[in-house]
Every structure is written in C-alpha cells, then in structure tokens.
Amino acid sequence: MPSSISWGLLLLAGLSCLVAGSLAEDAQETGASKHDQEHPASHRIAPNLAEFALSLYRVLAHESNTTNIFFSPVSIAMALASLSLGTKADTHTQIMEGLGFNLTETAESDIHQGFQHLLQTLNKPNSQLQLTTGNGLFIDHNLKLLDKFLQDVKNLYHSEAFSTDFTNTEEAKKQINTYVEKGTQGKIVDLVKDLNRDSVLALVNYIFFKGKWEKPFEVDHTKEEDFHVDQVTTVRVPMMNRMGMFEVHYCSTLASWVLQMDYLGNATAIFLLPDEGKLQHLEDTITKEILAKFLKNRESSSVNLHFPKLNISGTMDLKPVLTRLGITNVFSYKADLSGITEDDPLRVSQALHKAVLTIDERGTEAAGATFLEMMPMSLPPEVKFDKPFLVVIIEHSTKSPLFVGKVVNPTLH
C-alpha cells in the first residue's frame with residue numbers, strides 16, 4: 001500500500017476579537033500609493049488570494065445555508081502553496097490554478113516570494129495587534145525528504161521540521177496537537193482526532209489573531225435581544241449597542257448594509273447585512289472589486305448600531321471543498337508528490353482546517369480609551385445585525401484576506 005501524507009490546516013482568530021474585513025484590493029491598479037510600491041511581493045498575490053477566498057466561500061455556502069461558516073483563506077492557501085513545492089505535473093497545475101494563479105501570467109517564483117513576504121509581514125511585532133502564523137512539518141523518522149523541498153519550505157514558508165513516529169499514532173497525534181495548541185495560545189485543542197498508521201508526513205499551518213476595537217462598545221449597553229436565524233427560528237443573543245459615528249452605508253448593488261470597523265493596529269473588519277431574502281444575492285454578487293471600493297470610499301455617519309456578541313468556530317474537512325475547486329489529484333493515487341521524496345509514492349490523506357471567532361465589546365483586552373463624538377440632534381437611523389450576515393477581515397499592509405465567514409446562528413459554537 002502506498003504511503004500517504006497526512007496534512008492538517010489550522011486557523012485561529014483569537015479570543016475576544018472581532019473578525020471581518022475587506023478582501024484584497026487589486027495590486028495592479030494604476031496610481032498605486034507609495035505604500036503599495038513598498039510591498040510589491042505580497043501585493044502581487046493579494047488579488048489571487050481574494051478570488052480564492054470568495055471561491056472557497058461560495059463552495060461552502062452552496063453545501064449548507066443553515067450553518068455558520070468561518071475560515072482563513074490565507075492559512076489554507078499558505079499550506080497549499082508550500083505543498084506545491086513538492087508536486088509535479090497535473091498535481092502541481094491543479095493546486096496553482098485552484099489557488100487562482102495562472103503560471104503563464106505569473107512566475108512561480110513571484111508567487112512563493114509573495115507568500116514569503118506575507119509571512120514576514122504578518123509575523124512582525126505589533127504592540128496593538130497580535131497576529132502570528134506558523135508552519136510545521138512533521139516527518140516520519142523513516143522518511144527521507146529531498147533536500148530541495150526541505151530547504152524551500154524552510155526558507156520560503158519558515159516551516160519548522162519535527163521528527164515524528166507515525167507508527168505510534170497516539171504519540172504523533174499528541175505531538176501535532178501540542179504544536180497547534182501552543183501556537184494558538186490554547187484556543188485550538190485536539191485539531192487532529194485520528195491519524196492513519198500509513199501517514200508519513202503532516203503539514204500544519206495556523207494563524208492566530210487578537211485585536212482591540214478602535215471604538216469599543218460599552219459593556220453596560222449589551223442586552224438580550226432576538227436574532228432571526230430564518231423565518232421560523234429565533235434565538236436570544238447578547239446584543240451590543242452603541243450610538244455614534246460609524247463607517248456604515250447601504251449598498252444597493254449587494255442589497256446590504258455595509259459596516260466597516262477598525263482594530264487598533266493594521267486591520268479592518270467589514271460586515272455585510274443583506275436585506276430580507278437577499279442573502280444568496282449577496283453571496284452571488286459580492287466580488288473583490290466591490291470590497292476594495294468599500295475600503296477606498298470610507299465615510300462616517302451617525303447610527304444606532306446593534307451587533308451580537310459571538311463565539312463561533314468552523315471546522316472542515318478540506319478534501320471535498322478543494323475537490324470542488326479542481327484540486328483532485330493530490331488526494332488520489334494520481335498524486336505526483338515526487339518533489340518531496342523519492343521513497344514510496346505519497347498522497348494527501350487528510351486536510352483539516354479549524355477557525356475560531358470571538359467578538360465582544362472591547363476586543364481582546366479591555367480598552368481604556370474614552371471616545372467623545374459630535375452627534376447630530378436628530379435621532380440616528382438604527383442598523384441591527386439581527387439576522388444572518390457575512391464577515392471578512394483584511395490586514396492592510398499585505399492587502400490579504402485573513403478571515404471570511406457567515407454568521408447564521410450566533411448561539412452555535
């Protein structure tokens with residue numbers, strides 16, 4: 001029996017953090033700012049990551065319209081891109097095209113340099129926004145990896161390599177889960193539930209995000225209110241409330257209210273609240289170009305905002321999802337991973353991803369700032385996120401979509 005590669009993907013959006021944001025702005029746009037020109041590598045792949053994020057979201061939304069969705073396009077793409085370093089022929093082409101890259105238009109070296117710069121930027125220390133990523137390579141002690149693959153994943157993706165005895169499945173599982181738990185500060189536990197004894201390699205990626213609102217909510221203003229899951233289901237949720245100046249507007253193209261909220265640091269959250277019966281229209285119509293415009297054209301207005309506290313997670317088996325995007329060979333006996341090892345043929349037997357999202361009044365930590373705003377005398381309009389909505393988050397310096405999700409029921413954890 002051919003050996004198999006066991007591949008786990010992990011994402012965490014940190015506790016007490018608001019997750020959402022806008023997808024990547026086209027890096028090739030004319031009139032790019034000086035800031036854009038200073039970060040060409042990650043900006044070149046940003047539009048592709050944005051397209052990949054929306055494609056992946058639509059596959060997940062098509063499979064179920066009754067469950068919460070939450071994932072990190074960056075985390076999944078990073079794991080696939082690093083894996084591609086060891087793939088050849090159709091297996092390689094499928095991964096690159098599934099990620100939204102056309103190798104006749106973009107040099108593969110530029111793609112990997114883009115991910116390398118993305119990693120370096122995301123892992124830079126920031127006193128206001130905590131954002132860290134990590135890549136782990138767990139290698140069976142009997143497996144001989146090709147030096148080029150090992151050096152490439154270490155140099156380009158900063159992967160840490162660990163010797164693992166996969167014949168002792170419990171110990172191997174513990175080793176991988178401990179790495180993940182430590183990297184996500186205890187927020188993701190037991191990512192890997194089962195390991196195949198034939199596994200010889202595990203590729204793990206995680207991302208941890210923790211931030212504070214630039215404009216926090218008052219805890220005393222949070223009250224129990226109704227959230228309408230669908231036409232027949234209503235649940236009670238703690239609803240945060242704040243009257244003030246927000247970057248909120250109505251988008252007729254999407255038939256949705258659009259709310260943008262900044263974190264202290266370098267990230268922005270975008271929430272999209274569709275009109276009654278317009279959720280599928282929003283999902284079908286939204287594009288990276290539309291989201292990029294939201295980031296550019298930001299105007300504040302006075303509103304009475306109601307927003308639910310959240311603590312949701314998304315766990316998925318990526319194999320059927322990626323298969324829908326045309327990435328099939330790597331999971332089958334057609335897999336060509338001969339760039340990883342010259343030993344027995346490999347295939348991907350497991351592809352796991354988990355994400356956690358928590359939203360509360362102040363962000364990750366209590367915020368001590370006080371905000372005084374000038375308000376008009378007239379009563380501001382009310383915007384109430386009391387039915388299913390979409391959420392996206394972007395990291396500004398890389399223009400990368402860190403997280404994408406849909407909140408259907410805030411009470412489902």
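Counting starts with 1 at the first residue shown.
The backbone N, Cα and C atoms fix where each Cβ goes, glycine too.
Swiss-Prot annotations:
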CARBOHYD  N65  N-linked glycosylation site
CARBOHYD  N102  N-linked glycosylation site
CARBOHYD  N266  N-linked glycosylation site
REGION    368-387  region 'RCL'
SIGNAL    1-24  signal peptide
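Separating the Cα atoms of N266 (N-linked glycosylation site) and N102 (N-linked glycosylation site) is a whole-number distance of 30 Å. In this view, N102 (N-linked glycosylation site) is surrounded by 9 other Cβ atoms within 10 Å of its Cβ, with every protein chain counted.
The Cβ of N65 (N-linked glycosylation site) lies under 8 Å from the Cβ of L279, Q280, V408, each on the same chain and at least six residues away in sequence.
Within 10 Å of the C-beta atom of N266 (N-linked glycosylation site) sit 19 other C-beta atoms, taking all shown protein chains into account.
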